[in-house]
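S.K.: Pasting in a structure now, in structure tokens, and then I'll have a few things to ask.
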Ligand code: AMP
């Protein structure tokens, strides 16, 4: 296993990536907030493969940055879990060449920063409704990471389904000229989607948290049996979450690209759920068959 090179200055990162790109390297980027788990690892390993597809050794890179602009004032920015040493080791295991981990958030968002990227349609509703400003922060930091890195391909998880839709819309509308690759959700054996925030859960909450993936799986099973009424599917999922107990933020069934709610679940419609287990807000989703 080789240790990836750690770069903490965005300007130095930009110069290194530009030189690599000018030298013909194909660049694959995985943006993360760190505290890496097996879900991140699947993105990192795929980045290694995607960087190398053209035959030559490409450049597989990751960023680790807990982006303050995507957290609301009452959210968990200050206690978000961090483990840079562990993350670097995992990046090394996945074959990542370089890691950008800005040592000072002001090197990404200097005082006086006043430019924001706002994706309108798909940012609204769902997490956009309960986390005002969240997707503006995500779109802005991802834009900045794209400009610093100029990757050929960037990888994101379907776990954050709305985030992926926001980034696809942004890349399309602003002609970033790169490929966005969505990767399947990696889960614990009992179905819980891996998340850095699972670290917040007590043993009791961890057991209750399985209700999110169960609620989605039950909707998938009901749809496979012929249930198409979105209201009925949503009610059943909501009941499953409330029984956990978990406090429901939203349960929606949407079109996979527009993210607009549907009344009738069609093949490819996506159920998205968000719920609080104790104080921890978790999300999950799955395509309906
Ligand atoms: P985060 O560090 O939470 O910002 O996540 C970084 C990237 O990893 C995002 O593209 C996430 O969608 C993705 N990701 C997080 N959890 C999972 C998971 N369980 N399976 C697949 N991808 C994930």
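Quick reminder: no glycine exception, Cβ is built from N, Cα and C everywhere.
Annotation comment: TrEMBL describes 33-40, 157-160, 186, 194-197 as ATP binding site. Among the features that TrEMBL reports, active site, proton donor is placed at 40. Per TrEMBL, (R)-pantoate binding site is recorded for 70, 163. Annotation comment: TrEMBL describes 70 as beta-alanine binding site.
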S.K.: Over all shown protein chains, what is the count of other CB atoms within 10 A of the CB belonging to residue 40 (active site, proton donor)?
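M.R.: The Cβ of residue 40 (active site, proton donor) has 26 Cβ neighbours within 10 Å.
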S.K.: Applying a 10 Å Cβ distance cut-off over all chains shown, what neighbour count does residue 36 (ATP binding site) have?
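M.R.: So the number of other Cβ atoms within 10 Å of residue 36 (ATP binding site) is 25.
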S.K.: If you count Cβ atoms within 10 Å of the Cβ of residue 196 (ATP binding site), leaving out that atom itself, what do you get?
M.R.: 19
S.K.: Where does residue 186 (ATP binding site) sit in DSSP terms: helix, strand, or coil?
M.R.: coil
S.K.: Tell me the Cβ contacts of residue 33 (ATP binding site) under 8 Å, same chain only and six or more apart in sequence, or just say none.
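M.R.: Counting only residues 6 or more apart in sequence, the Cβ neighbours of residue 33 (ATP binding site) under 8 Å are 64, 65, 66, 67, 80, 196.
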S.K.: Do you see any of the recorded positions 40, 70, 163 whose C-alpha is within 10 Å of residue 186 (ATP binding site), and which ones?
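M.R.: Among 40, 70, 163, the ones whose Cα sits within 10 Å of that of residue 186 (ATP binding site) are 40.
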S.K.: Whole-number answer please: how many Å between the C-alpha atoms of residue 36 (ATP binding site) and residue 163 ((R)-pantoate binding site)?
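M.R.: Distance (Cα to Cα, whole Å): 18 Å.
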S.K.: Can you tell me the CA-to-CA distance separating residue 39 (ATP binding site) and residue 163 ((R)-pantoate binding site), as a whole number of Å?
M.R.: 15
S.K.: Write out the long-range same-chain contacts of residue 70 ((R)-pantoate binding site), meaning residues 6 or more apart in sequence whose Cβ is under 8 Å from its Cβ.
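M.R.: Sequence-distant Cβ neighbours: 133, 134, 135, 137, 138, 141.
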